[in-house]
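Taken from TrEMBL as is:
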COMPBIAS  326-335  compositional bias 'Basic residues'
DOMAIN    78-178  domain 'Methyltransferase type 11'
REGION    310-335  region 'Disordered'
Amino acid sequence: MAAACRQTKLARSCINFIKERRYSSQSTNIFNRTVKRQQRNNIATIENRKDFEYLKDEVAKRLVDRLQDIERTFPLALDLGAGAGHIYKALCEDDERFGIQELVQSDISEKLLQKSSASRNEDGCLQMSYLAVDEEFLPFKKSHFDLIMSSLSLHWVNDLPSTFVQIRECLKPDGAFIGAVLGGDTLQELRSAFILADQERLGGISPHISPFMNVADAGNLLQGAGFSLCTVDTDYIQVDYPNALTLMEHVQGMGENNASVLKGRMTKDSLLAAASIYQAMYGLEDGLVPATFQVIYLIGWAPHSSQKAPLRRGSAQQSLKDISTFHHKSNAPDK
């Protein structure tokens, strides 16, 4: 496997999309990965790019905060879908840094990685490596990383079951994966406004916002990929904007705009109608409009013999019937 490029030397030869892939997806593609790569390349060229990084910075910070509960050190870590280095910034703001000695940043966009490496201080808090990688086809050796993190990237992957299996295989035994993805309730207000606008203007419904997973799907994906000790939790982050058009501008500036294969037809008339409906349905007293971002956090561990195994089915020493009887007796009135 090609080694990750050290420091800021991100040469074309370092891009490894693997001619002979270990996995080939049999799933129907929901997202156009070429479009998503271009969208991420585009935000790397925006002069005021940092004006749109607040959500990704906040989610990365919350993801890193979840490492506080893990009493482990992770010498070699991977940031999968690193973007502009949001996890790196969160780690540098934390005094512990969880024993990470080297952080490998990977992303489908080489331009974003270049921005991340260029913006990093010369006196960086961690030893860094960079590698342009498609999250659907990971080139890393098996049992290579102590920790794999991914913040707001994997919800654009078509074949998540395959990607999660690859992530597990890239982890050392008892290595940890922690990720954050956008959930299905994200931008629910904008979805509703577009539906009503399309029905009114076009007489039908077109998909303008990409579909995302729900909490139950997230847990099933982790378990199905062979992770152990899986946990899933969710946050709702509300951001207020001057109007719906500003919200859409910011979503595009984040690189989170629609990349569905089946994108709906958008006209200026339906766009303005959606903005008007959004304001009428969700507008606040101060004139701002709220936007909901659901963030699902996932934690899973590569199996290891030292991990506590779940109890074998039928091994309990007391039946639920006995517990029910005990509870009934304990609550009986004194005679």
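Placed from the backbone N, Cα and C atoms, the Cβ positions cover glycine too.
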Secondary structure content, the domain 'Methyltransferase type 11' (78-178) (per DSSP, counts of residues): 35 helix, 30 strand, 36 coil
Mean per-residue pLDDT computed across the domain 'Methyltransferase type 11' (78-178): 92
